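**Student:** My questions all concern the structure below.
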Amino acid sequence: MATNIAINGMGRIGRMVLRIALNNKNLNVKAINASYPPETIAHLLNYDTTHGVYDKKVEPIESGIKVNGHEIKLLSDRNPENLPWNEMDIDVVIEATGKFNHGDKAVAHINAGAKKVLLTGPSKGGDVQMIVKGVNDNQLDIDTYDIFSNASCTTNCIGPVAKVLNDKFGIINGLMTTVHAITNDQKNIDNPHKDLRRARSCNESIIPTSTGAAKALKEVLPEVEGKLHGMALRVPTKNVSLVDLVVDLEQNVTVTQVNDAFKNADLSGVLDVEEAPLVSVDFNTNPHSAIIDSQSTMVMGQNKVKVIAWYDNEWGYSNRVVEVAVKIGQLIDDKAMVKAI
């Protein structure tokens, strides 16, 4: 039985999630909530500067949009509590506005009748379970939680990488740097921002800033709590990022042993290993959370290791959002079947 979903927010992640969800037979997209007219949403779904022309036909209609004959209702209400999730029988709301990334705010969707909510970003507080596929998705708990967070794109990258290294060799400590493509949190031209470096034009500079990825990692991989720290460098490219992770391991290793650990990891669809000498544009629209650049793996002093992992911070992340939504829906169905027996 397909899971009924609604998407709140039609920004970069909301639109990518919609594209991917419409290709997943386990999901039934019933509604989107956005402040733009259907003509605008249809156009931005059909034509995307980063990910190309959509392979489906999206048309604006009076009630919303139609995608290859599938009608999706367009709502436009900034207050989630007013949305008709109960009457539409919505199982999972994918919260993609970035404005409700706190359990106390996201609960408005539950109050409106949705069964569960999945945030497309790290939670800023409240009763929320953070899930990273390939790290702790086997612990997804719909009995205890109504609201879930898919963490950040960077946490989805570093999570599987750190898990493999820690499980196989043991991590003593380490530092990470994410070299991250620009996002709409930055400014095209110099303008005020609470982070004075992000106030500067994103197209002109490499911009050092903070990342919560290493800190958030402890929520999904508690074994590394207090062992990793990091920062971000925002660079003037439109998409695809990388994590540069340097760790001291408990065991002595070789480059081959490190790369083999990633190749042999049971993380199909989440983590991949690339042996060709590629650059960032080659990973555009790659669905994995992390792609190890095997040619860049280094070992010094037998146990100090440097690993580079690429990730499409839009498309890879949006694939994980859809997959976690599917898993939440399956658990809802399983629970309903048990009750019916």
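Each Cβ is built from the backbone N, Cα and C atoms, and glycine gets one as well.
Quick paste of what Swiss-Prot says about this protein:
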type     : residues                                       : note
BINDING  : R12, I13, R78, T120, N184, N313                : NAD(+) binding site
BINDING  : S152, C153, T154, T183, R198, T211, G212, R234 : D-glyceraldehyde 3-phosphate binding site
ACT_SITE : C153                                           : active site, nucleophile
SITE     : H180                                           : site 'Activates thiol group during catalysis'
**Student:** Among the binding-site residues listed here (R12, N184, N313), which has the Cα closest to the Cα of R198 (D-glyceraldehyde 3-phosphate binding site)?
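**Tutor:** Nearest in space to R198 (D-glyceraldehyde 3-phosphate binding site), counting only the binding-site residues, is N184.
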**Student:** Taking the binding-site residues one at a time (T120, T211), which has its Cβ surrounded by the most other Cβ atoms within 10 Å?
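**Tutor:** Max Cβ neighbours within 10 Å, all protein chains included: T120.
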**Student:** When DSSP states are folded down to helix, strand and coil, where does H180 (site 'Activates thiol group during catalysis') land?
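**Tutor:** Note: H180 (site 'Activates thiol group during catalysis') is in a strand by DSSP.
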**Student:** List the residues of the same chain that sit at least 6 positions away from R12 (NAD(+) binding site) in sequence and have their Cβ under 8 Å from its Cβ, in sequence order, or write 'none'.
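**Tutor:** Set apart from R12 (NAD(+) binding site) by at least 6 residues yet with Cβ under 8 Å, we have T183, N184, E314.
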**Student:** On the Cα atoms of S152, C153, T154, T183, R198, T211, G212, R234, which are listed as binding D-glyceraldehyde 3-phosphate, what is the maximum pairwise distance in Å?
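**Tutor:** Taking every pair among S152, C153, T154, T183, R198, T211, G212, R234, the longest Cα gap is 19 Å.
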**Student:** Of the recorded positions S152, H180, T211, G212, R234, which one has its Cα closest to the Cα of T120 (NAD(+) binding site)?
**Tutor:** S152
**Student:** Let me make sure I understand the structure: which of the binding-site residues listed (S152, T183, N313) has the fewest other Cβ atoms within 10 A of its Cβ?
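**Tutor:** T183, out of the binding-site residues S152, T183, N313, has the fewest neighbouring Cβ atoms within 10 Å.
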